[in-house]
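A.B. asks: Annotations for this protein, taken from Swiss-Prot, read as follows:
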- 57: active site, proton donor/acceptor (ACT_SITE)
- 87, 200, 305: substrate binding site (BINDING)
- 147: 2,3-didehydroalanine (Ser) (MOD_RES)
């Protein structure tokens, strides 16, 4: 059900969360009348300048390396339509419906600032499509990230004039013209500058990035939830999350929030050993000896102890990336731009380097989130590390039964895959367009890489979650779990039974990964009275 209050597309106050909500159909979008008035005024002033027959890029000139060609303004519509048709050359699988809708919202917001000098009708057509559920079919491959996301945005823009293809409800595509006829929607007739303004910007990478920020936010919370359950399965310690060590000693905001979450998730657990208890046990075992092994570890391995330092750093990275994306979202990333004082700016605001860097950074952070999860999974399964639990958490007939041995392999493989994918796309500039575009950002590639890593992580986390539940049950410790842990355990067991004998596991893993994609564990612990930061 859509949010009661539509979101304003005003060019200045849009947030990534709001873009995600509109993209997912949870909220409607409107352009306030004063904004449309400002856009109309800007267009009128721009038309006065253009009428003076002065050279304006993309209005009275060719595009890119063809800029030296004078084009009479009488050919304005043909020039814009030719631009869209020629740049509808994307290839590969299509972006999802939500991703394309996010692109459309981002582009509408950039145009709503007024500096791109389009008519209000252009923005209104984008919003009309959003409201009607008409979503362009946009191939994923083809953007260089400067001049913006030309190829994917061309596949969006071409549908506004009744050409190209749109997505159907069954996941296929249909000619835009047919769909518009069925809906009674009139195609837009472009005027000069408007085709260029629709595609010459960063709205594809920015729109996709808005969704990725939301995904990582839920993922880091669920990583903390699963880590807490793994700690209980291994009978570890919560002392490493003491507030003093974070709030006072190392006050990175993300680390502080992560440590607070771990304290909340582990509160009232009877499965954990404190530093005082471990110290006393060490002294008892040592007796009068001055140098002797006791078998008591008063500190645990880093994957159990440094959760706030690692996941907190992921949180801080997420915050930084969100700042960059929100700033880009509310920017005029077009060329040329036209200002209230009559100045024309021929520049390069279409360059997506900021978003490209941010998405590469997000990909690196997400990769490390997966790494620490996989290492805890290894600790749960290894008979040398799992606190005397059965090897590979096999419930019976160790040796005859393999337990979770095979389930570790996809997690290990996905870590290697993530490490390969997270190599920065933002440094992979390849000159193009007759060396006019001689340095490009590859920002949409960076966003697509980050998306793939985040999806891989859902499987890694699902495996850690299943192993943690198995460990708690094998240890006979379910009733000793913290309230959060018991709630999560019950949620999992309602869907995936205890691994008593070896069985086909793919369906179990897929089921858990699907629930993690929905952010299900955040709601589970909320139901247990815990609101995570």
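Just so you know, glycine gets a Cβ as well, placed from its N, Cα and C.
I'm curious about the neighbourhood of these features; can you describe it?
C.D. replies: Long-range Cβ proximity for residue 57 (active site, proton donor/acceptor), meaning a same-chain Cβ under 8 A and a gap of 6 or more residues, is found for 63, 67, 335, 336, 346. In the three-state DSSP scheme, residue 57 (active site, proton donor/acceptor) falls into the coil class.
In three-state terms derived from DSSP, residue 200 (substrate binding site) belongs to neither a helical nor a strand segment and is classed as coil. The Cβ neighbour count for residue 200 (substrate binding site), using a 10 Å radius and every protein chain shown, is 28.
Under a cutoff of 8 A between CB atoms, and with a sequence separation of 6+ in the same chain, the neighbours of residue 147 (2,3-didehydroalanine (Ser)) are 64, 200, 335, 350, 351, 437.
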A.B. asks: So which one is it: of the binding-site residues 87, 305, which has the fewest other Cβ atoms within 10 Å?
C.D. replies: 305
A.B. asks: Widest Cα span across the substrate binders 87, 200, 305, in Å?
C.D. replies: 52
